[in-house]
Amino acid sequence: MATEGLHENETLASLKSEAEVGGSLEPRRLRLQRGTDYGLVLPVHQVAERVEALGQFVMKTRRTLKGHGNKVLCMDWCKDKRRIVSSSQVCHEHAVTMPCTWVMACAYAPSGCAIACGGLDNKCSVYPLTFDKNENMAAKKKSVAMHTNYLSACSFTNSDMQILTASGDGTCALWDVESGQLLQSFHGHGADVLCLDLAPSETGNTFVSGGCDKKAMVWDMRSGQCVQAFETHESDINSVRYYPSGDAFASGSDDATCRLYDLRADREVAIYSKESIIFGASSVDFSLSGRLLFAGYNDYTINVWDVLKGSRVSILFGHENRVSTLRVSPDGTAFCSGSWDHTLRVRGMVFCFPVCERREDG
Amino acid sequence: MAAGPAPPPGRLRAQMPHLRKMERVVVSMQDPDQGVKMRSQRLLVTVIPHAVTGSDVVQWLAQKFCVSEEEALHLGAVLVQHGYIYPLRDPRSLMLRPDETPYRFQVRLGGAAIYLAKKNIRKRGTLVDYEKDCYDRLHKKINHAWDLVLMQAREQLRAAKQRRKGDRLVIACQEQTYWLVNRPPPRAPNVLEQGPGRGSCAASRVLMTKSADFYKREIEYFRKALGRTRVKSSICLEAYLSFCGQRGPHDPLVSGCLPSNPWISDDDAYWVMNAPTVAAPTKLRVERWGFSFRELLEDPVGRAHFMDFLGKEFSGENLSFWEACEELRYGAQAQVPTLVDAVYEQFLAPGAARWVNIDSRTMEQTLEGLHQPHRYVLDDAQLHIYMLMKKDSYPRFLKSDMYKGLLAEAGIPLETKRRVFPFMWRPRHSSPSPALLPTPVEPTAACGLGGGDGVA
């Protein structure tokens, strides 16, 4: 079994040592990815001065959703831009009761006709949505993904028929919804995988995942191979999200920083952090143009970052426990944050003061 | 008397960077020169030494981190909630009041230190060897706070001996804080709760068998990683600048949206005007079709117009072929053989009704691959056609009279006038769920829009 695939002149030992040579160079290569090395300025600061400053934003909570009786763990927007699905210990919107305590991941299907969710049950299940009061939604549930540890994230691809999952068992996987068949699995993380995001690319072939091994890895969906990896965070990566152009992605970590990684430069190009921000970032998302990065933190706040300047634009209070999930709506008109304080808040920009002389905020 | 929050079970402190950072902040707050001003606080008739006021804490944090008072208050409140600072008045609730309310710092590592210090004070020099080692190590570790440790040790001894009112009060506050942090009342957030454990179950981790395949993939990965051409960061950043600059006016959270943001004004007009299939797209929307080919295809209205345009050029089959390939890629596994056959019949077979013009090499390889159909078998052909449309048809579309006409016709909505009576409340209606509609409204891979050559 282990000798399958060997050509002439190849032995398992020779392959192993060749791989080890590559492996020995990896730490040096990874260090080159760091945004700052030997005191060099982060790339983003090179362009920061040329960017016009944003005005001062006033974001107001416009909806507070209190239906959950427990911690909100995850949420997702429907493509119709107005509905959301959220999960905690009970999967909401259609009040499906799941036989497990933590539902850590949920996703809306592109058609808006189904949702997927899972968590400590190690599975990802798909529920077709129905408004027929007589129908028991749980009866129509389809168990799609099976992992050997908790499900941390899930996402439909471009259709209702495929689901991508991330798990505490260290792998990601692509599944066929109808049959539950495993289409592809993605191995490479050295610890729990906590998050994933599909690339908004023309060819629609890649996705990025982040894990407890402090790595963010980019995968080819077709071959199952890791095509790029980044390792500059100092702690678990809780959230990854692509920049709208697809050329970069942001990550939020327990090390209290968010970072921007560029795929073509193959390195970290910005770090969004402040001394006063001590708690981990649990969830990040970009505004439509990619100019703003919203990040929810475990100290109950949301910080809004100017992606190009590298500085913080705003800090938002309101939640009474950690912010566990945050997503901008599909048309970019608002963003929703979910929290362990049992609520979801939808916030929009009320107005923006024009740029004027004001004290530099750190 | 243990100080601060007890570490939760099953999770190493090393994995909680925020605790270490909080400790560092608290330590610097207690610096004799640079820290928060310590004074004796009067509490009714008692005087408590080495205390700080809530407002001093807030001021210090605001100055040290260059943040607003609101943020400094929030940060201070977090420190109180975790028990690093405890209130000397009204210890029932762990709040930070930005006024003269007195607070004290917990000595984080104090439990053992205080115990040993007490022992040392009580019976000078009777600490046994390992206790002495421990004492010395702790002394080194919390050198800056040693005075506080000694002071607290003396206080506790005194309290035990003389039951001095001030000391008893302090100890009562400490204990109360400890219990509030470790056993919070029902409504209060439990700062120690961490959520499901991570990395705790190594046994369930999927391990890769180190086969030849495994090593080959590793080698391939390293080869690619080392040989990768990297674009200069400055060029990448230029790309962000132009992307953000181009999209800024289209970003409602940055530039607002017209006629109004439906979440703010409770007026659906914006959503109605920008519905997926709308007869008259707005100007901003038509502009976006010019940003990238992907943007055009992702918009159902844009795609429909593009299909019309291709129809006029007799190349509509290209877009239809691309759509059929998408359907295959994202379709159900069971459908793969059927879909592949259908695509072959319609687009690839010699003499097919809507034959697509692919270069001979790709065509050969594709036809070869069709013997063992899988969902990616048409990838090369699809990419070829996509690039053809992107490089050829798309630029012509943008220069066409059709597109220019659409741009000219498209309107800019007027901003909704501010309501004179702001308390005029608009009832909020629930939108119809997509699950209720008979057919999907959004174009999924399976739902290409009609038009074009009219052949099904």
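Any Cβ shown, glycine's included, is placed from N, Cα and C.
Marked as repeat 'WD' by TrEMBL: A:144-185 (among others). Predicted-model confidence for the repeat 'WD' (A:144-185) is 95, expressed as mean pLDDT.
Marked as repeat 'WD' by TrEMBL: A:186-229 (among others). Assigned with DSSP, the residues of the repeat 'WD' (A:186-229) fall into helix, strand and coil as follows: 0 helix, 23 strand, 21 coil.
TrEMBL lists A:230-271 (among others) with the feature repeat 'WD'. For the repeat 'WD' (A:230-271), the list of distant contacts is 30, 32-36, 42-44, 192, 194-201, 208-218, 277-286, 288-290, 293, 295-298, 305, 307, 310: same-chain residues at least six beyond its ends, Cβ to Cβ under 8 Å.
Residues or ranges marked as repeat 'WD' in TrEMBL: A:283-315 (among others). Cβ atoms under 8 Å from those of the repeat 'WD' (A:283-315) belong to residues 42, 44-45, 47-48, 51, 53-54, 56-57, 59, 238-245, 250-252, 254, 256, 258, 260, 270-272, 274, 277, 321-328, 331-332, 335, 337, 339, 341, 361-362 of the same chain, restricted to positions at least 6 beyond its ends.
Annotation comment: TrEMBL describes A:316-346 (among others) as repeat 'WD'. If you look at the repeat 'WD' (A:316-346), the same-chain residues 6 or more away from its ends with a CB under 8 A from one of its CBs are 59, 61-66, 68-79, 81-82, 84, 86, 88, 279, 282-289, 294-304.
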Beyond the flanks of the repeat 'WD' (A:144-185) by 6 or more, those residues with Cβ under 8 Å of it:
102, 104-111, 113-114, 116-126, 191-198, 204, 207, 209, 211, 219, 221-222, 224
Beyond the flanks of the repeat 'WD' (A:186-229) by 6 or more, those residues with Cβ under 8 Å of it:
30, 149-150, 152-153, 155, 157-158, 164-174, 235-242, 244-246, 249, 251, 253, 261, 263, 266
Secondary structure composition of the repeat 'WD' (A:316-346) [DSSP: H/G/I, E/B, coil]:
0 helix, 15 strand, 16 coil
